[in-house]
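Noted in TrEMBL for the protein shown:
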{"type": "DOMAIN", "residues": "10-200", "note": "domain 'Thymidylate kinase-like'"}
{"type": "BINDING", "residues": "GLY12, GLY13, GLU14, GLY15, THR16, GLY17, LYS18, SER19", "note": "ATP binding site"}
Amino acid sequence: MAKPGRFITFEGGEGTGKSTQAKRLQAALAERKISALVTREPGGSPGAEEIRALVLRGEPARWSPLTEALLFYAARADHTERTIKPALAEGKWVICDRFSDSSYAYQGGGRGLARETVRRIEAIAIDDFKPDLTLILDLPVEIGLKRSLERHGNVETRFEEMDLDVHARMRKTYLDIAKRNPSRCVVIDANQDIDAVEKAVFSAVKKRYRLK
Ligand SMILES: Nc1ncnc2c1ncn2[C@@H]1O[C@H](COP(=O)(O)OP(=O)(O)OP(=O)(O)O)[C@@H](O)[C@H]1O
Ligand SMILES: Cc1cn([C@H]2C[C@H](O)[C@@H](COP(=O)(O)O)O2)c(=O)[nH]c1=O
């Protein structure tokens, strides 16, 4: 049986550079002959991509925080079962753009759902499945939203439309998660150029997995 792979997640607010860095990390691992799958949430399996389309469109208040958390975890259960766990079992590394910490930060800290409620939904959906390493890209929210808007041709997505104080609470929740989980999480300063962020990311990965 293949040695199980590693499960790495990128987390952070809007436009902090998660997708950019996920691809760069995949390339850096490939240079070391490590095959990694890049996937994303919500999404990453056909069913979860359908839920993505449902949960990301419409007005900011279209879904209550509770319904939203249930939808994100329904997508996550499918993604975990059908994409992430099979890849890890084949010995692949999995790099995921967002995972459970996004639900704690967005539906919890940002939109006010109690942490205990998120935890109970999580327990049903994915049990105690967690990443080995979480890289939290930290950036002032105004800068991230500006980057994100420029990328989307100035059309805001449902979450981008939410007030700045909601985004500020999401950022704070990520930093609190990092404090509570020091052995899993590394906070990366994302307010640097792309190459400098890549270097900080790879240095955290090398340290964790003792790569050269
Ligand atoms: N360090 C950086 N400095 C400046 N621009 C950046 C940096 N990293 C990424 N960008 C640019 O910012 C935009 C958003 O980057 P990216 O899509 O990687 O972020 P993201 O965190 O995945 O965003 P979202 O959560 O909104 O999907 C892209 O246009 C990207 O090229
Ligand atoms: C997994 C997850 C995501 N979200 C939000 C965060 C973003 O606004 C969107 C996803 O868009 P992206 O461009 O792919 O980053 O969904 C959330 O609120 N809760 C979650 O669990």
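Residue numbers in this text run from 1 along the chain shown.
Even glycines carry a Cβ here, placed using N, Cα and C.
Features per TrEMBL, on structure.
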| residue | record | Cβ within 10 Å |
| --- | --- | --- |
| GLY12 | ATP binding site | 27 |
| GLY13 | ATP binding site | 29 |
| GLU14 | ATP binding site | 24 |
| GLY15 | ATP binding site | 23 |
| THR16 | ATP binding site | 27 |
| GLY17 | ATP binding site | 22 |
| LYS18 | ATP binding site | 24 |
| SER19 | ATP binding site | 15 |
In sequence order, those binding-site residues of GLY13, THR16, GLY17, LYS18 whose CB lies under 6 Å from ligand 2 = none
Averaged across the domain 'Thymidylate kinase-like' (10-200), what pLDDT does the model get? Just tell me the whole number, please.
-> 96
Setting GLY12, GLY13, GLU14, GLY15, THR16, GLY17, LYS18, SER19 aside, what same-chain residues sit with their Cβ within 8 Å of the center of the Cβ atoms that define the ATP site, listed in sequence order?
-> PHE10, LEU137, LEU139, GLY144, ARG147, SER148, ALA190
Should we count any of the binding-site residues GLY13, GLY17, LYS18 as near ligand 1, judged by a CB under 6 A from one of its atoms, and which?
-> GLY17, LYS18
